[in-house]
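Participant: One structure is given below, represented as structure tokens, and several questions about it will come after.
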Amino acid sequence: MKWRINVLVTPLRAALAACAVAVGALAFAWSGLFNVAATTPHWAITDWFLHYVMINSVKTRTIAVETPDNLDSPALIARGAGHYASGCASCHGAPGRPRSPIIHEMSPVAPDLEKKVPTWEPKHLFWIVKHGVKFSGMPAWVSSEEREDEAWAVVAFLRKLPGMSDQDYARLAMGEENDGAVGGLVAIAHGPQGPAPRPDVLADCARCHGRDGMGRDGDAFPIIAGQSEDYLYDALSAYAQGTRHSGIMQTAAARIPYAEIAALAEHYAAQTPGRPEGAGSPDPALVARGEKIAREGVRDTGTPACSSCHGPSASARNPAYPRLAGQHASYLESQLLLWEKEDDSRGGGPFREIMRKIAFGMTKADIKAVAAYYASQPPEAPSR
Ligand code: HEC
Ligand code: HEC
Ligand code: HEC
């Protein structure tokens, strides 16, 4: 005898079935029977499935992502390494710095990236660093829309991570600083404010900027030596409050006690800027064009002469206007391009609106020329 069940699927029945499933799921959620405890890990199949979903999501979403061609630049790698120590090593560990036992109790566990990096292409890593991974604890980049350039710097570092020695990592992430306690791995305690910056706070800045504010590894970090105290104070406060976008500096500034900002501004303003090591000799024609823009402006784009605010000029300038002479060309260029990109929310000080409007109208070629000009100039004596 053959049994046959004939069920006619009508729209009404389908809708009722869907409702029943939804009610069932809601009842299960309401009952509290699902165990959210991280002490009960996922079943192996759930783990596999979640990772499978993640891999496919990353691959599909990166189809149109273009990989920049400068990922082997030592400056980019050093910038990424400096941030890795403050923003990633606390979960993922680093060469010579194993993951904390607490991390092994996460579900999912933040993986050892030395093993994982080779399984991804650079554009996949970029996407993960920029967007983070939902339901896992992997955070998105701070200021992710504005600072894709910084996410790429971290990718440049990640590519070199597999097999990196402890010493190479320490140098890339810490510079000349050798205190293992710095680098974002421990919380900085809030205490009474003295006249000079606290040693632990200054050590963290010095990892990237040096104690002398001259930076390291070519143009990895902007030169902050001898910049005016007002400007340094405004810039640091803006990073700490999130009004100037940089996933690297927002992370560094937000973790220091607010009262330290004045002491740090005073310290770095008192340093004497020098010529950065390895500053190449730029194209003289480009520099000459840049000088013309700096001194006369550009009529077509309504760009004013930069020198009235940024020098070189004979008269005393507003201390809230930053000094550009002797700064890395790549840094000046990137800041001007950022103003064009995020035309309503960039900058730190009270006069940032002025600069935003100027940068917004400039052409890319003019930006390149004027950056080359200022970079070629000898740094001026510290203004305070
Ligand atoms: C709060 C802890 C935490 C921090 C901080 C963190 N991550 Fe993660 N990360 C995770 C977790 C958890 C996963 C696992 C995600 C998964 O398996 O779906 C992960 C996954 C990843 C992956 C994918 C690895 C793989 O193949 O599964 C990469 C790459 C990565 N993180 C890079 C970084 C970088 C770079 C930083 C710093 C900018 C960072 N993470 C900061 C927790 C963290
Ligand atoms: C992980 C590396 C790193 C650390 C640590 C770090 N910085 Fe920075 N800093 C950078 C980078 C990269 C930039 C450029 C950011 C941008 O594009 O806006 C920068 C920018 C700055 C600027 C703005 C320069 C300008 O001309 O506008 C100041 C001021 C500054 N940092 C001061 C500090 C101080 C003070 C500390 C310590 C609390 C510190 N930084 C810690 C990497 C770092
Ligand atoms: C009317 C005054 C004024 C003029 C003219 C001016 N700037 Fe600025 N510029 C500023 C101010 C103010 C800031 C600081 C903005 C902030 O608060 O972040 C600034 C910041 C900058 C920065 C960022 C520096 C750093 O260390 O991050 C660059 C680069 C710059 N200007 C380039 C130029 C160039 C190139 C020109 C000429 C085409 C120019 N500026 C003309 C006032 C001016």
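Keep in mind that glycine also has a Cβ here, set from the backbone N, Cα and C atoms.
Here TrEMBL flags 75-162, 178-272, 285-378 as domain 'Cytochrome c'. The signal peptide annotation in TrEMBL covers 1-20.
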Participant: Report, as numbers and ranges, which residues of the same chain sit near the signal peptide (1-20): CB under 8 Å and 6 or more residues beyond its ends.
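Facilitator: Sequence-remote neighbours of the signal peptide (1-20) do not exist; the answer is none.
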Participant: Restricting to the domain 'Cytochrome c' (178-272), what is the model's mean pLDDT?
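Facilitator: PLDDT averaged over the stretch: 86.
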Participant: For the domain 'Cytochrome c' (285-378), DSSP counts of helix, strand and coil?
Facilitator: 52 helix, 2 strand, 40 coil
Participant: Summarise the domain 'Cytochrome c' (178-272) as counts of helix, strand and coil residues per DSSP.
Facilitator: 42 helix, 0 strand, 53 coil
Participant: Could you break down the residues of the domain 'Cytochrome c' (75-162) into DSSP helix, strand and coil, giving a count for each?
Facilitator: 50 helix, 4 strand, 34 coil
